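TrEMBL lists B:10, B:11, B:12, B:13, B:14, B:15, B:16, B:17 with the feature NADP(+) binding site. Feature annotation from TrEMBL assigns NADPH binding site to B:107. Positions annotated as L-homoserine binding site by TrEMBL: B:192. Annotation source TrEMBL lists active site, proton donor at B:207. As annotated by TrEMBL, domain 'ACT' applies to B:351-426.
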C-alpha cells in the first residue's frame, strides 16, 4: 500500500461537507480502489463553528485558505470556494506553483481562467481537475476526454442547469408563469436569491465553455458563448410547443464547423421523441456526437451534495491512482485558438409567436415580410379566433439564417396589427 | 512526442476494420490527445484477401494470431477473434506473458476468464482492457471504475443486448410474434443465424458478470448469473404491460446485499416513466446506483462497427497515455469472492398471465392457491369475457419471495380451469 494521498479542502459548504462524508463513509472502498488511503489533512472555511454534520477535529484548520497551498502535509487542494477570481483563483495558482494538484467544482474559474491554469499545471506536472464543475455527478469530462477519446466530435449539447430545467418542467406541468415558479423555487432553495447566474444562462454558459475545450481541444473561451436565458419563456409558448410535438429546454450547444466553434446557450424546442426532451426536473444530461460512436447520452443529477461530492472524489481517485491526462484533452500548449462563429450566421429552424389583432389582411402582411427576407414557413397555428381582438399566432419557419430571421422579426414587429414584441425560440433538430 | 504505440489486431471483421478506420481517420486527433501516434503494425485474420475497405499493406501479416504476441514491434494486442477459449484466450495469455497490453471486445472471454487474466496482467504490470465488451460504444467500464469511483454501488442494471431490445421494440410496435420478428431480424442481419447467445440472454449475462466485478470489486462469476431469455415473451404480454403502465425489457441486474451478489438476466416489466423504458430499438443503456451520486444513466449504441471500434480505441488512448487502473476496480489479488444470492430468495413484484376457461369459480380457485402461499394480489385484469371459452387473466402480485411465487404458480397451473402454463414476468421497481 502506497502512502496516503493528503487532501486540503477550501470551502466547507454543502459540497465540502459532502466530500468529507464520502471519504469517511467509503473509506475502505477508496483504499481498495486507490491502493492507498485518501485522507483529509487540512480545511478552511469562513465559519469554523458551523455544524456541518462532520467533525473537523482531526484536520488542520486554516483561516486563510491560500496558506493551505504551502502546507507540506497536503498533496491536493480541493477548491470549493467559488467565484472566477479572488481567493479561489489565488489558492489554485499558489497550489500549482507549489506542485500540488488542484480539484475544483468552480465552473466560473475554469471558464474564465482554464487555459492559464492548465498551462501552469502541466508545466509543473500536476493535475487541474474539474469534473464537478460540469453537470454535477455525471462523469462527462472523463467520458469526453477519455472514454470517447477515439472520436472526433461534431457537436456536444445538454441540459446543464438544473434550476432552469426544474422551472421549465414545473411551468409545463402547472401552466404557471415564470415569476411565480421562480419565487417558489427560491422558497424551496432550488434557486438562489439572486437567480441571474441560473435563469440568464450564465451558469450553463460557464459549463458549455468548458465542454467546448474538452471536446474540441481548444482554449476555453467563455466570451465566445452566446447566451440567452429563460426569462422570456411563457406558459403559452410551452403549450404551443407541446402541440407542435416539442418540449422547451434550456440547452448549451457547442459545435465545430470549418475551424470555427459555435457556442450557444438558449431555450430550445426539441422533439418530444428525443431522449433529452424527457430529462425533467433538476436532472442534467449531456449528448456527445462522435464520428464513430454516434450519440452517447449521459444523464443524472447536476447538483447537490452527494452528486457533486461524487465528482470531486472521482477526481481524487484519479490522482490517488497517479492518472494524468491533459487538462483539456490535448496538452495545454497545443490547445487551438478557435474563432467563434457568429450566431447571425447560424442556420436553423425557428418558432415564432406573435400577438396579433384578429382582422383580415394580417396574415398577408406577415407573409409579405417573410417573403421579403427569404424566410419560408413550415406551419402556422392560430387558435381562439376572436375578430377585432388580440390572439396568438404561431409560426414555425424552415431552416434559414438567424440574420434573415431577425430582420424578418423586426419587420413583423413593426406591423400595426402585431401588438407585442414577437417571441422567437430556436428549434433544434437532434 | 513520445515514441508510437504499436498495435497488433487479431480478427479483422467489422470491428477490426473499424479500429483501423478510426486510427486512420482520426490520426492527428489521436496524436494530439495521446502525445504520441497510435499505429497498427501487425494484423491477423482468417482470410487475408477479403475486401475490408481498408488497406492492410503496411502491416505485418500473421497467419497465426498467437505469433503476434511475440512480435517485438507490438506493444498492445487487440483481440477481436471472439470465443471464451481457444485461440482468443491463448493469444491474450501469451501477450500478457510477453509483457504486452491486451485490449479486447470479447465478453465471453472476460466473463469466463477475467479474474485469471487480470491477475496475470497485473503481475506483469500490463493492462487488460475490455470497454468494448460491455454496451458497445457506451464508456460504462470507465464510468464505473473511474468517474463514479467515489461511490459504493448498490445496484447496476441495464439493457445490454441490442438484438433483444430491437426485437421487443418491434414486437410492441407491430404486435407480431417472437418467431416472425426473429426471422426478420435474421434477414436484416440484426440477429445471428444461431440466435441463442442473444435471445436466451447469454450475451447479456456475459456483460452483466463483467459489470458486477467492476461495480463490486469481486471475482468475475459468470456461472452466478441467473439467466432467462425472451423466447417466452408474447405480444399479449406486451399489450397487457402497456395497459398496466409498463414496458417489457430484457435487463441485466446486479445488486449486492449482505455480502452476497444477485446477478440476473431476464425480461422485466419497468414503468413507462423510467428513463430505461424509453430506450428502444438497438440502443443499450446502463444505470448505476451509487451511494452519493444517486442514479447515473448512460445510453448509446451497444454494437456495430463505429461504436465498438470507438470503445476499443478509447482503451488504446488510455494505454498510449500510460494510464493504468486495476482491471476490475481493485487489485486482482484483492478481488472478493462473493457468494451468489439464489433467485429463489429474491423478493419482488410479479406479473402473471393465465389462460383460463371463463366460468364461475375460477377466480376463487386461483385466489385460494395464492392465499395458501401467502402471495397477495395487487391488480387483476380480465378482458374479453366469453363464458365457457379460454380467455387471458392477468394478475400483478405485491412483493413476495420468488420461491412462494413459483410454488403458487405450480398450484395455479395444476387447476383444471387453467389451460396453459402460467407466464410470469418480474416487475422491477426502479
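Counting starts with 1 at the first residue shown.
Cβ from N, Cα, C; glycine included.
Feature map: annotations from TrEMBL on the structure.
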residue : record               : Cβ contacts under 8 Å, 6 or more apart
B:10    : NADP(+) binding site : B:16, B:43, B:44, B:45, B:65, B:68, B:77, B:78, B:79, B:80, B:81, B:88, B:91
B:11    : NADP(+) binding site : B:44, B:45, B:65, B:79, B:80, B:81, B:82
B:12    : NADP(+) binding site : B:20, B:43, B:44, B:45, B:50, B:52, B:56, B:80
B:13    : NADP(+) binding site : B:45, B:80
B:14    : NADP(+) binding site : B:304, B:305, B:308
B:15    : NADP(+) binding site : B:80, B:105, B:132, B:305, B:308, B:309, B:312
B:17    : NADP(+) binding site : B:52, B:53, B:54, B:305
B:107   : NADPH binding site   : B:130, B:133, B:134, B:203, B:206, B:207, B:210
May I have the list of same-chain residues other than B:10, B:11, B:12, B:13, B:14, B:15, B:16, B:17 whose Cβ is within 8 Å of the Cβ centroid of the recorded NADP(+) site, in sequence order?
B:9, B:18, B:19, B:45, B:52, B:80
Which ones in the same chain are close to residue B:192 (L-homoserine binding site), with CB under 8 Å and 6+ residues apart in sequence?
B:186, B:198
Based on DSSP, tally up the residues of the domain 'ACT' (B:351-426) by helix, strand and coil.
23 helix, 30 strand, 23 coil
Determine the Cβ neighbour count for residue B:207 (active site, proton donor): the number of other Cβ atoms within 10 Å of its Cβ.
28
Specify the count of other C-beta atoms within 10 Å of the C-beta of residue B:16 (NADP(+) binding site).
27
Helix, strand or coil by DSSP: which one applies to residue B:107 (NADPH binding site)?
helix
On the 0 to 100 pLDDT scale, where does the domain 'ACT' (B:351-426) sit on average?
94
